[in-house]
Amino acid sequence: MPSTTPLDFPYLAELNEAQRAAVTYNDGPALVIAGAGSGKTRVLVYKLLYLLDCGYHPMGLMALTFTNKAAREMRQRISERAGSVARQIRMGTFHSVFLSILRLHASLLGYTPTFSVYNTNDSRSCIKAIVKRLGLDDKVYKPNLIHSRISSAKNRLLTPEAYASYGELVKYDAKSGLPRIAEIYRLYWDELRQSNAMDFDDLLLQINILFRQHPEILKEWQERIDYLLIDEYQDTNFAQYMVAKQLMQEKGAIFVVGDDAQSIYSFRGANLDNILNFEKTFPSTKVFKLERNYRSTQTIVSAAGSIIAHNEYQIPKQVFSEEAVGEPIQVHEALSGDLEALWAGEEIQLLHQRQGASYEDIALLYRTNAQSRTLEQVFRRLSIPFRIYGGRSFFDHKEIMDVVAYFRTLVNEQDDEALLRIINYPKRSIGDTTVQRVRAASVRHAVSIIHVLRDPQGYEVEVNKATAAKLQAFAALLDELRAYNQESEDLYDVAERIIRDTGILADLKSDTSIEGKARLENLQELLSGIEEYIESCLEVDTKPSLASYVAEVALLTDQDTQGEGEEAVTLMTIHASKGLEFPHVFILGLEEDLFPSSMSNTGRELEEERRLFYVALTRAEKTCRVSYARERFRNGHMEFSRPSRFLRELPEDLVQFVSSHGFSEVPSWRRGGTRGKVSDQLPEDFSSVPSFLPKEKPARRVLIQRRGDEPEVKHSAIGDLRIGTRVLHKRFGEGEVMELEGEGDNAKALVAFDTGDTKKLLLRFALLQILD
């Protein structure tokens, strides 16, 4: 019989008192609240070692994680201490461990043990075929959107029958113009069964069905599993929670580790209440709090603690650090988003060149993927090597490459590669066989593809009249847009019309999934970038055109961001940064409607945004720099920004406010700020509606900058400038006037900027700010 009395083993001396108390407690359910940097993985590893040393058989131990990487790391560390016995522990991700159980009992669910597991592409392909079979418009019933809805339903343990009988869901689908989702779900469910296949979400749903429909199997596994350990418990969804509850509610041999303050994945179905209500699920729970942070300075830990203290829904903890006090958190105010990126680049250069920091030691975190565009462009200009962690460069996103392909085709009608990319996007029922025949005809007649599209019969393309009409309609659309581009003097208007008339905007707007909203944000950021490009052209007295913009993008995307094996700065969203740590961290875009997101309107949603800021802060080991811009291009317009409410929640004695010109006094928005709880609204009661059911968002009020609304700053006129005058430009930063020429609207200044760039600027567009 395994021992429940705390025993003494040499490796326990490597733990601090709180860690050791958690590891040696075998007398019932244990909830370990592991603050950021508190040694969570070590506690899990040592708990497993301790259970083995207490006499538990490795086959009776089940350890569930969220990533294969975490499972491999834990198994390796146990192997180093316990040898080959580590291979016998049932350790892995929820999906992999549940898969092995489902294969053992597949026949009870109507499957064979060799059932297939569909990945996301398989699932979406299957759903796409069902939508086509039903004669539905796949521009409305998008496979990725339908798959996302079905995935969410399965994670809430809703079968097709349960989904169809759930009134709130059916009403929402009808209101969204998708009344047949329940029918598609039913057909998809049947298709999987007919194919002897489960999808990824079935691995969570089907094990719950197995345990519910076959109590003898549940009892068997309750007896086989002596101890259940779960990592990152705050990220569990309803299906995962139910498995843990069914296996261990009676026995109570459960050990979970997590941090409610780092629960940031509600959009994936994670339910914060699982960890907050753990003691209600397992009434005899003993709670252990790992409050010593081994990662960050005292300043960073204290600042993060002050931020999370504003949340209502949390498990109170007093995280502390015994590291050095460290530098204050710098809060930088930039005049614009471009200057924010430039500031970050210059700070990185100082860290690297003067303080000897490796580029590998530096990370830049932001709320949305779209924010990387400005950073990428500035870093390329400053020759700072970088990598996009867990993502792609802004111009490598599909939706951006598609729009740029349209631009290329209109600029150069002989660009066949660009045309082939967009010949059937958005979908216009031009199939692969037709495309192959069009290509063959263009090769055979030695002409560009656009010529074949204009006259498919004349170029002997073997297609019927209906298909020929589609090809000609596409060619006519391109010709119409090409003519408009040649006639128009407004590049932004041209770009907007291309995105609208081709159907790209409507296509992206129709996808209301998380991924779809991100793609629409990227499209809006592309338009903002075009607006900035127009301004930069006007400032140097150059006419902006679609051709010059396409060339600019080609140069950007052709530049290497890093060489093979070269160290590089890491750029990533805050969500992607969870679990990572860096000596130096920058957190950009701390503005209302950006961070916190404009999509976060309820009390609960705002609290998750605050937890996201907590996660960002606690990635930093030595220094943390936070920034916001007074104005930023968003949605194609220059908008005034309000500093994020989270900045007000940082204790003044832990921060140092910095403007573009060095250290400054506390800004006006911070003086007289309120302290204590910030609770704009009471959190909603989610008990009656599934958490994945989208909620309507109020329209966001957009503040568009107008000339009369600009901040009162002293802008340059030719009479105000002298050789040697120090000036500030909202994109290039600070510099010195070297030459002056011209008068009135033609007045120009040659400015040597501190970045090393020299620009001749047309003063009526450049609006240089004179520095006192």
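Note that Cβ sites are derived from N, Cα and C of the backbone, with glycine treated the same way.
Remember, TrEMBL labels are computer predictions, not curated facts.
The ATP binding site annotation in TrEMBL covers ALA34, GLY35, ALA36, GLY37, SER38, GLY39, LYS40, THR41. What TrEMBL records for 13-297 is domain 'UvrD-like helicase ATP-binding'. Look at TrEMBL and you will find 298-579 tagged as domain 'UvrD-like helicase C-terminal'.
All features noted in TrEMBL, drawn onto the structure.
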{"residue": "ALA34", "record": "ATP binding site", "CB count, 10 Å": "29"}
{"residue": "GLY35", "record": "ATP binding site", "CB count, 10 Å": "26"}
{"residue": "ALA36", "record": "ATP binding site", "CB count, 10 Å": "27"}
{"residue": "GLY37", "record": "ATP binding site", "CB count, 10 Å": "22"}
{"residue": "SER38", "record": "ATP binding site", "CB count, 10 Å": "24"}
{"residue": "GLY39", "record": "ATP binding site", "CB count, 10 Å": "21"}
{"residue": "LYS40", "record": "ATP binding site", "CB count, 10 Å": "22"}
{"residue": "THR41", "record": "ATP binding site", "CB count, 10 Å": "16"}
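Other than ALA34, GLY35, ALA36, GLY37, SER38, GLY39, LYS40, THR41, the residues of this chain whose Cβ falls within 8 Å of the Cβ centroid of the ATP site are, in sequence order, VAL43, ASP259, LEU290, ASN293, TYR294, ARG295.
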